[in-house]
Amino acid sequence: MRVTEGGVELEVPGEQTEGVEESVFYNPRQELNRDLTIATLRAFRDRELRAESYLDAMTASGIRGVRAAADGWDVTCCDVDEEAVELASENVARNGLRETASVEHRNVNGLMHDEVFDVIDLDPYGTPMPFADAAFANCRDLVCVTATDTAPLCGAHFNSGVRSYSAVPRNTDYHPEMGVRILLSALARSAARFDVGVEPILTHATSHYVRTYLELDHRATSADAAIDELGHLYHCEDCLYREHDPGLIADPIETCPHCGGDRVLAAGPIWLGPVHDPAFVERVRGELPDAFGTAEKARELCETLETELDTPTHYDQHKLCRNWGLPANAMDEFLADLREAGHAASRAHYGGTTFKTNASVDEIRAATEDNLD
Ligand SMILES: [Zn+2]
């Protein structure tokens, strides 16, 4: 089957699944992820002028590498699967990019230890952690990471999450954000082993994956600063009260200071720091031409990210209202009431009913309940 995306054309072997033609080497649901990758690479090149080389570490059909090469990057595609390597090589040639894109057939951890790249892109199936150490050991400027194991990340598959991320994830009403912050915590700790500090400049989560872009700083003091962004989170399952506490040593609370209940969960270490740089996200938004298949959706996502508050958890308006036995109202009205009462409040990109605020659960209710009817 032939696929056209972002101005490049690929041939991928198709298979009929339930009457729909699909390919194990090409996932159309990841087009938004790839459009944002190209826009981020463009914005990043303005930020870091020396950045030239890009490693597509799990290349499959070659789609990411081919798109990056067509955009002027010096690309290496790598895959451990022989069939993928053949396919990616054909797709590089099909687009006339043999001069700027090479395809390697090997274990990418070995390649990352042997060669230095300015940008490394990890897009594995499942957890990226088996590749994180090798990526941070030698990468110069930017590590891009996709994690598709959202159930382990958010605590729904608890043991798997603990094993993969050396942290305690908890299943809360803000599960996508739990996933983001468990992933960032594990990546920051992996980078710190090599005296590398990470700064997340763009991060987004959908129901299918978490994606983050980490700018690197090769100084031990930066690695220390990243570790200082880690901490723990305590969450009451009854009233949705939550608090966070910086530091690698946990100090869990036994009873909820709000409702007095004892169903308090502790999660961590999670990343408590910022998950994106709003000025950078704005530049990324400016690099999404109409020709990109998901341009409109990607720009909307960037807009939400630019204004999203920098709190480590979000609320779900419907869950809160259900807890209070009150009907939910329109999100804009709800947020306006919070701001009217003097609190900071924003939408969150995790879903239409999600929002962020610095107000406590009681303060949220006091500010909004007059208009919940
Ligand atoms: Zn409580």
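Yeah, the Cβs are placed from backbone N, Cα and C, and that goes for glycine too.
Please treat TrEMBL annotations as automatic predictions, because they have not gone through curation.
Remember, it's a predicted structure, so these values are computed and weren't measured experimentally.
Secondary structure at Arg64 (S-adenosyl-L-methionine binding site), as computed by DSSP, is helix. Cβ neighbour count for Arg64 (S-adenosyl-L-methionine binding site): 27 (other Cβ atoms within 10 Å of its Cβ, all protein chains included). The S-adenosyl-L-methionine binding site annotation in TrEMBL covers Arg34, Arg64, Asp79.
According to DSSP, Cys236 (Zn(2+) binding site) is assigned to a strand segment. A sphere of 10 angstroms centred on the C-beta of Cys236 (Zn(2+) binding site) encloses 23 other C-beta atoms. Feature annotation from TrEMBL assigns Zn(2+) binding site to Cys236, Cys239, Cys256, Cys259.
In this structure, the CA atom of Cys259 (Zn(2+) binding site) is 50 Å away from the CA atom of Arg64 (S-adenosyl-L-methionine binding site).
A simple Cβ count within 10 Å picks out one of the binding-site residues Cys239, Cys256, Cys259 as the most packed, and that one is Cys256.
Here the Cβ of Arg34 (S-adenosyl-L-methionine binding site) has 22 other Cβ atoms within 10 Å, regardless of which shown protein chain they belong to. For Cys239 (Zn(2+) binding site), the nearest neighbour among the listed binding-site residues (Arg34, Arg64, Asp79), judged by C-alpha distance, is Arg34.
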